[in-house]
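Read the structure below first, then the notes.
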Amino acid sequence: MMQFIFTFLTYHIFIVSSQVSNILIFDSGVGGLSVYREIQQLLPEQNYFYLFDNEGYPYGELPQQKLLNRVENLVSSLVTKMAIDIVVIACNTASTIVLPSLRKILDIPVVGVVPAIKPACNLAQRCVGLIATPATIQRPYTHELIRDFSSDKEICLLGSTALVDMAERKLRGVPVNLSELANILQPIQGRIDVAVLGCTHFPLLKDEIQQVLGVHVMLVDSGKAIARRVASLISPGMCRHVSQTARIFASTSPYDGEALTRVLSDWGFNHIENFPIQGSSDHSQPGL
Ligand code: DGL
């Protein structure tokens with residue numbers, strides 16, 4: 001009897017511990033890795049597929065319709081090819097426009113990342129700084145969040161692509177120039193007590209941003225909340241019994257690919273695979 005119970009438990013534990021879901025994390029560049037880090041820490045046993053559209057980068061300056069077409073094309077193709085169970089659009093700029101259409105096209109959960117205005121306003125005494133891409137600070141979606149959740153708090157908006165470029169360079173090993181960073185942050189410097197990192201690239205610069213803004217400014221991002229959301233969506237029904245993997249795909253060959261590949265191996269990715277826009281000749285100019 002004891003032996004039967006032992007065998008049953010061993011078998012059961014093996015089955016449960018070997019169940020994994022295929023999770024796709026998408027961004028225009030390396031920023032989504034800040035979200036991947038949080039999800040992977042909470043759910044280390046899942047399969048991860050990271051796709052970045054560096055051919056369309058920077059999304060903060062891409063015309064809206066072009067962005068929509070690119071995200072729909074790339075995400076839905078990879079979902080089909082890799083039998084993805086959950087999609088995470090780890091990009092505020094994309095999430096503020098693509099979520100409704102992606103959810104129509106795909107029959108799996110699609111999680112988006114939007115600026116953490118609500119928690120920031122709950123924490124702020126004075127003024128909240130929203131640091132995001134030029135597109136995100138203009139989006140109607142962002143202004144609805146501000147209207148619904150800022151209540152009596154003042155919001156200072158700062159849109160910057162230079163900051164996104166800085167995060168891309170830092171991940172490739174280039175040291176951050178603090179005086180350049182201080183220049184970018186100058187419009188909100190001394191005016192805010194909470195800053196929303198409203199672009200997934202910015203948590204990669206968290207230490208430097210904190211250094212420039214000062215320790216009295218609280219930095220808020222959506223990474224941990226997204227990880228909890230993904231955890232809540234994993235159900236045994238979407239799990240399969242295969243060994244755990246982490247693969248990374250780029251829509252075109254990345255700049256300074258050697259440095260990037262070296263760094264990505266520390267994040268658990270072996271090499272960068274090519275995954276271009278499918279079945280279309282409408283390519284944007286390569287970005288970073
Ligand atoms: N990481 C992206 C975001 O959260 C966008 C960066 C870009 O391509 O401009 O908005």
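Including glycine, each Cβ sits where the backbone N, Cα and C put it.
Remember, it's a predicted structure, so these values are computed and weren't measured experimentally.
Taken from TrEMBL as is:
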ACT_SITE  Cys91  active site, proton donor/acceptor
ACT_SITE  Cys199  active site, proton donor/acceptor
BINDING   Asp27, Ser28, Tyr59, Gly60, Asn92, Thr93, Thr200, His201  substrate binding site
Rounded to a whole angstrom, what is the C-alpha distance between Cys199 (active site, proton donor/acceptor) and Cys91 (active site, proton donor/acceptor)? 7
Other than Asp27, Ser28, Tyr59, Gly60, Asn92, Thr93, Thr200, His201 themselves, what residues in this chain have Cβ atoms within 8 Å of the centroid of the substrate site's Cβ atoms? Gly29, Gly31, Gly32, Pro58, Cys91, Ala94, Thr133, Thr136, Val164, Cys199
So of all those binding-site residues, Asp27, Ser28, Gly60, His201, which one's Cα sits nearest to Cys91 (active site, proton donor/acceptor)? Asp27
Which has the fewest other Cβ atoms within 10 Å: Cys91, Cys199, the active-site residues listed? Cys91
Note down the number of other Cβ atoms within 10 Å of the Cβ of His201 (substrate binding site), including every protein chain shown. 31
Near Asn92 (substrate binding site), how many other Cβ atoms are within 10 Å of its Cβ? 33
